[in-house]
Structures are given as structure tokens and as C-alpha cells.
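As recorded in TrEMBL:
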TRANSMEM  34-59  transmembrane segment
DOMAIN    50-299  domain 'G-protein coupled receptors family 1 profile'
TRANSMEM  71-95  transmembrane segment
TRANSMEM  101-129  transmembrane segment
TRANSMEM  149-171  transmembrane segment
TRANSMEM  206-230  transmembrane segment
TRANSMEM  251-269  transmembrane segment
Amino acid sequence: SLQTDLNTGKDMANRTSVKEFILLGFPGTWQFRVSFAVVFALMYTLTVIGNASIIALVWRSSNLHTPMYFFLCNLSFLEIWYTTGVVPKAIGVMLGTSQTISFSVCILQLFFLLSLGSTECFLLSVMAYDRYLAICCPLRYSSLMSSVLSVRLALSSWLGGFLAVSLLAFLTSRQTFCGPDVINHFLCDIDSCLALSCSDTWPVELATFLVSIIVVVASCVVTLVSYMYIISSILRIQSGRGRKKAFSTCSAHLSVVTIWYGSTMFLYVKPSAQNSLDVNKIVNTFNTMVTPLLNPFIYTLRNKEVKLALGRAFQKK
């Protein structure tokens, strides 16, 4: 027994911990990877321009200085950083110029992306609650959703998102990685990291599942309940024009919510990390690049107030 303990101790001492990882990205020919990098760069540029334009438009247009557009600015600001945390590194991985990532930077990217993702869940549920008050309690809306409350709700979303993921990132950083050191992804995510861990991953998987339930499912329930009341209230409106006008105030948000929660639940709300990593890569691409790109266009094309403010901004120029 003593000899066994000594041998185990020697094995642990000899086992070298991995200090950096190699990101595999998308396999394929050089031309294929270059074309992917160009698409990523184009999407990133459009995402930053689109979301920054919404922030600038709301800032400049006094008629958009309402809680709804304040939350939209928070969402646009978040999307810029969310996609910035992924795309520049992903382009380097695909071009082969920056395929390695240190362990500490890997954990930092994981923490950053999951925190921003959690914040987005909270922000979308806050925006759903805001639409519920606007449609179901229109006469009391300005007193119920004051500027002070809207700032508190936005701040709570940011703090809640980063605090919720802190334990998860800490547990992942305590995992032992002793090889292989190749991550089958273009970013550091929970599933890819746990697939390489040579220590017990069950605590991290359990923590991931619990955080997912708290963040994703709880915020999704708030959003669903808000929309149940919204739809019920819209159906009680007598005129077709009134119903159309009421629905138009929340149709853009509903589109964003559907896209975001669909992909997020697939990635994180599961009891185990054994999803196909190749499938995860595709869904992550959608989640970290397509959704942030679509948001400004959805809100611009499906929102009359934003289109009018945009028209006035161009007329001034």
C-alpha cells in the first residue's frame, strides 16, 4: 500500500502540466481556411460598425432616450466586446499565425465570453420585462420604468453575468491538463477544455449545468412569462391597427431572443459536456458571430422609431 502511494506520488510529480494549448480551428485546405478568415473579418467589421452605429444613433436622437433604447445600447456595447473576444484570435488561428494560446489567456477568454453571454441573457430578460410594462401597463410605464430603475436593471445584468461565471472559471482553472494540448475549436470553451482535462471533470460539469439553469433557464422563463402577458394583452386590443402597432414594439426583441436562446441552450443546458465538438464549433460560430451581426439589422429593419431617427440623421448630413 505504501509502495503504491509512493508510485502514485512519483506519477503525479512526473506528470507535467500543460502551459499552453494549440487551437485547431476549422480543418481544411489553406484556401478554405483563408476564405473562412475573410468571412470572419467581414462579419466582425459589420458587427462593430452596426452596433456602434446604434449606440451613436441613440446617443444623438433625443426621442430615443428611453429605457428600451438604453437597454439596446447596453446590448450593442456587449455584442461589440463579445465578438471582439473571439474573432481576432479565430482569424489568427485559421491563418496559422496565432494558433497557440497560453493556459491563463485561455481561462480568461472562457471567463470573458461566458460572462458576456450570461449578461446578454439577463439583458434580454430585462428588455422583455420592459416591453411587458410598456404594453400591459402603458399609462404607468414612465413611473414604473424610471431612468433610475433602468440603470439599476442594466447594472444588475452586468454584475450578475460576471459573478455567475466566476466560480465556473475558477473550477476550470483548477483542472489539471497533462496532454494532449490540442483544442478542437477556434476558441476556449468549456466542452473543449474539459475534453483535454486529465482530472475529474464532474464538479465543473455540475457547476456548468447549475449556472446554465440559473442564468439561461431562469432568464428564459422571465422572458417567456413576459411575452405570455404581452401576447394576451395584444389579443385583447380591438382594432387590427392597434394590435399591429403593439406587436411592432416587441417583434425585433422577440426575433433576437429566439435566435439567442436557441443556440445558447444547445451549447450549455445539458448535464454532460459530451456534445459533438464539431457541432459545438458550428453553433459557437452562430452564437459569437452571426447573432451579434444580426442584432443591429433586426432592430433597424423592424423598428419604426429607429428607422425614422436614422432617416433624420442622414438628412442632417
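Using the three backbone atoms N, Cα and C, a Cβ is placed for every residue, glycine included.
Small disclaimer: the values here were computed from a predicted structure and weren't measured.
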Top partner of the transmembrane segment (206-230) among 34-59, 71-95, 101-129, 149-171 - counted as Cβ pairs under 8 Å: 101-129
Same-chain residues near the transmembrane segment (101-129), Cβ under 8 Å, at least 6 residues beyond its ends: 18-21, 23, 68, 71-72, 74-75, 78-79, 81-82, 85-86, 89, 153-154, 156-158, 160-162, 164-166, 168-169, 172-173, 177, 183, 187-190, 193, 211, 215-216, 219-220, 222-223, 226-227, 250, 253, 256-257, 260-261, 264, 287-288
Positions whose Cβ lies under 8 angstroms from the transmembrane segment (71-95), at least six residues beyond its ends: 23-26, 33-34, 36-37, 40-41, 43-44, 47-48, 51-52, 54-55, 58-59, 101, 109, 112-113, 116-117, 119-120, 123-124, 126-127, 130, 150, 153-154, 157-158, 186-187, 288-289, 291-293, 295-296, 299
Spatial neighbours of the transmembrane segment (149-171) far in sequence, C-beta under 8 Å, 6+ residues away: 67, 70-71, 74, 107, 110-111, 114-123, 126, 129-130, 190, 203-204, 207-208, 211, 214-215
